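Okay, so here's the structure we're looking at.
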Amino acid sequence: MILERNRRCQLALLMIAILAAIAGQTDAQKAAKLTAVSTCASKEKCHTCIQTEGCAWCMQPDFKGQSRCYQNTSSLCPEEFAYSPITVEQILVNNKLTNQYKAELAAGGGGSAMSGSSSSSYSSSSSSSSFYSQSSSGSSSASGYEEYSAGEIVQIQPQSMRLALRVNEKHNIKISYSQAEGYPVDLYYLMDLSKSMEDDKAKLSTLGDKLSETMKRITNNFHLGFGSFVDKVLMPYVSTIPKKLEHPCENCKAPYGYQNHMPLNNNTESFSNEVKNATVSGNLDAPEGGFDAIMQAIACRSQIGWREQARRLLVFSTDAGFHYAGDGKLGGVIAPNDGECHLSPKGEYTHSTLQDYPSISQINQKVKDNAINIIFAVTASQLSVYEKLVEHIQGSSAAKLDNDSSNVVELVKEEYRKISSSVEMKDNATGDVKITYFSSCLSNGPEVQTSKCDNLKEGQQVSFTAQIQLLKCPEDPRDWTQTIHISPVGINEVMQIQLTMLCSCPCENPGSIGYQVQANSCSGHGTSMCGICNCDDSYFGNKCECSATDLTSKFANDTSCRADSTSTTDCSGRGHCVCGACECHKRPNPIEIISGKHCECDNFSCERNRNQLCSGPDHGTCECGRCKCKPGWTGSNCGCQESNDTCMPPGGGEICSGHGTCECGVCKCTVNDQGRFSGRHCEKCPTCSGRCQELKDCVQCQMYKTGELKNGDDCARNCTQFVPVGVEKVEIDETKDEQMCKFFDEDDCKFMFKYSEQGELHVYAQENKECPAKVFMLGIVMGVIAAIVLVGLAILLLWKLLTTIHDRREFARFEKERMNAKWDTGENPIYKQATSTFKNPMYAGK
C-alpha cells in the first residue's frame, strides 16, 4: 500500500476565523495562538499530532476542516470523535513513613498505615485507554496500597505509582523523605596493608573497640566488617622473585590482591583481633590495587554481608594512589573487569591476575546500584587526589587521615554525620525524560530548584517535588514504556514510577473503532486510520479516488489545491496540483524541503542566529517557517537556554542567588538598597553591609557564651533563626556565596564566622576565639627596671673598657717612645766645677 502523500499543512480559513475571534487580544496573545494553531495544523498523522503539545486529533469520517490536528482548546471537532490523551497518575503503594507511623501509634491514633492513593485512567472523548484496564493481584491493586509491616523501614513515600504522560507536558509528584530513627548501619573497613601502613594497622587494632562504641551510640543496629588489599601479584606491581614473593619485606606475608577477613556482623569485639592478626605485605610501585578491593567488597553482597535495609558505609583507608582500568596491561592483564564477585570460600580474590582493574565509571555504577557510601580516609599527601576522585563517584567523600590513623574514630563519626544529615534525590531517567527537583527543605519559604537538603536530623521530614517531563518519544516503540527509580543517595529504597509514554493513537492499530479496512470513506481502495486514508497500491488522493493508471484527470486543477476561495494560485505557487492534492517543488538543495497541504511550509526560512537556522541543529529545527526548539532551548530562534541550571549557584539555593533574574541562561543582577550585585550568579556585593552585625550577638551567645545576649534566657528567646555549626577554621567557599564576618569582643578576642543564604540561613563559627596573651605588668615593670640597670651597667662597663684600652694604648706608646729616646751628653752652662786648672801656654814643661 502507498501511504497518502498529500495530507499537508495549512489552515488559512481557520486562521481568519481565529483572528476575528481574538481581535481584542494583545499582539503577543495573538501571535502565541497563531503559532500553536500553525504547529498543530502542520501535523498530518495522529501520532505526530498528539506528540505535539496542546494538540488534539479529530477522526470524524466526513471531516470538513482544513486539518484534523488542531489546538485542543478549540471546538472544531465533535467530542465523540476527538482524541486528546491526558496525563494520569495512579499511586500503587503508599506506605506511611516509619517515623510517621510510629508517631501515630504512640499517639494512640490506631489509623491505617497507609495514606490514601489516587487512581484514575486517561481517556479521550472518542475512546478510553486500556492503560489501567489490567487488574493486579493482591491488596495493592484493590485499594491502591499495602499494609505496613512492623519490621519494614520506610523512609520514602510513596513507593510505587503509574504515570501516563504526553510529550512536553510537565507533571509534579510529591515525594516525602524522613530518616528513620536508629536506622541500621553497615560499616566495612577496607584497609591498605602494604608495609607503609603498618603503624596505621597497629593503631586501628587499638581503636577498634572505640570505633564500635561510637557507632553503637548512633544506632544500636550496627554491623562491622574488615578487609584488606595490596596489589596484583605480577610485575611491575610486586617483585616476582621467589624469595620476595614469600617475604617481600621484614615481618611481611606474601602479597595478595584482596582478602575479606571479617564479613559484616554484630560481633564487633572481634574486629580488633582481626585487624591485629592481619599481616602487612609489600609491593613495588606507588599506586595500590584498591579499586579491585572496592569492586569485590561491593559486588560480593552475600559474602560481605551487606543488609538490604541499612545505610552502607565503606571506609577505604590508604596512604597511596590507585590503579585503574588500563593499568593491568602493564602486567599483561588485558581482560576487562567484569564487575562480578570472584571470592573464594576463604574470602580471597581469585581473579586478581586474570582481570584488569575496574574503571572509575564501573565503581560509580556499582556504588549507585548498591547504595554504598564510600569514605576515602587518606593521608594528607593523597587528599587532593581523592578529592578529585569523589567528584566522579556518587555519595562518596574524602577526609584527611593522620599518618598513624589515630583520628580514624572521629573521622568516621564526622563523615557519617555529614552523610546522614543530608539527603539527595537521584534517578535513572533516560535522556527522553527530564526530572527536575524542587524543595524548600526545612524552611517555610517557597520551593527552589534543588535535589539536596542538608542539616537534617533523625525524624525530620522533608518534601520534594519531582517535575517529570517527557521531552520526546523514543524512536523504538518498545521504549515507550519505562520504569523509573527515584531514590535518596546511599539509601536502598526507591520510588518506582511505571511510565507509559502517550506516543501513539489506538485508532492507528487494527481492532480500534477508528481503524477500518476498505472503508467507504476511502472509496473502497484503502484503510481509514484515524479518519485519514491509507490507499492501496495504484491508488492515491485524499480519499483514494485517483488511480495511477488513469491519467485523464491527474493534472486537473482543483480548488482544494488553493489556500482559500479568494486565491487564484495553486499550491501557493510552489507546487502543482495532482488529483486534487499539491505536489511541492523540489529544491536544488535536497536538505531544503517545501511541504504542507498547499506547499505553504518549508524548513529553510526560519529565523537565524549566528548565521545558523534556529541557532544550529543542536538547538532546534525549522518546521513550517518557525523554529521548533529542542529540549533545553527556547526563544524565536532557539538561542536561549530553557533551563535555569546555569543561573543556579554551585552549592544550590535560589536562582541568581536571589539577587537577579535568569535571562537566556545568564543572570541579570539587580540593584537594591544594600548595593549593586555582580558575579556570574549575582553572589557578590562589595558595597553591601551584609548580615554580620545582625548575626553577631547570637553567634557570641550560642558559641562562646559572651556578648550582650550571654544570659541563657535572652539567647534562647532572641536566637531561634539558626544554630551555628562549630568548625576548627573558618574558610570561605566563594562558589557557595558565603560571607565572612570578623569581630572583637569585650575581652579583645577576635571571633570569626561565615554565613550563607542558599534557601535557608547556615552559619559556621570558629570553635575557639583568637585572644591576645595576658599582660604580666609586674614582669614588665621589673623587666624595664632590670633593663635600665643592666643597660647602665653595660654602658659603664663599656666606658671603663674603652678608657682602659685607651690608657693602655697611651702608656704603651709612652714606654715605646721612652725606650727609643737618644739623649746627647751635655753640661750645664751655669755649672762650675770645684777645681779649676790653668795652664801657662808659655811654659815648656820645665
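Each position is counted from 1, following the chain as shown.
Each Cβ is built from the backbone N, Cα and C atoms, and glycine gets one as well.
Of the cysteines C577, C579, C624, only one is given by Swiss-Prot as the disulfide partner of C601: C624. Among the candidates C614, C662, C664, C667, the disulfide partner that Swiss-Prot records for C640 is C664. DSSP assigns C664 (disulfide bond) to coil in the three-state reduction, outside any helix or strand. Distance between Cα atoms for C300 (disulfide bond) and C473 (disulfide bond): 38 Å, as a whole number. When secondary structure is read from DSSP and collapsed to three states, C601 (disulfide bond) falls in the strand class.
Here the candidates are the disulfide-bonded residues C624, C667, C692, and by Cα distance the one nearest C640 (disulfide bond) turns out to be C667.
Separation of the C-alpha atoms of C561 (disulfide bond) and Y831 (phosphotyrosine): 169 Å, rounded to the nearest whole number. Rounded to a whole number, the distance between the Cα atoms of C629 (disulfide bond) and C601 (disulfide bond) is 17 Å. Annotation: C601 carries the greatest number of neighbouring Cβ atoms among the disulfide-bonded residues C473, C601, C606, C640 [cut-off 10 Å, Cβ to Cβ].
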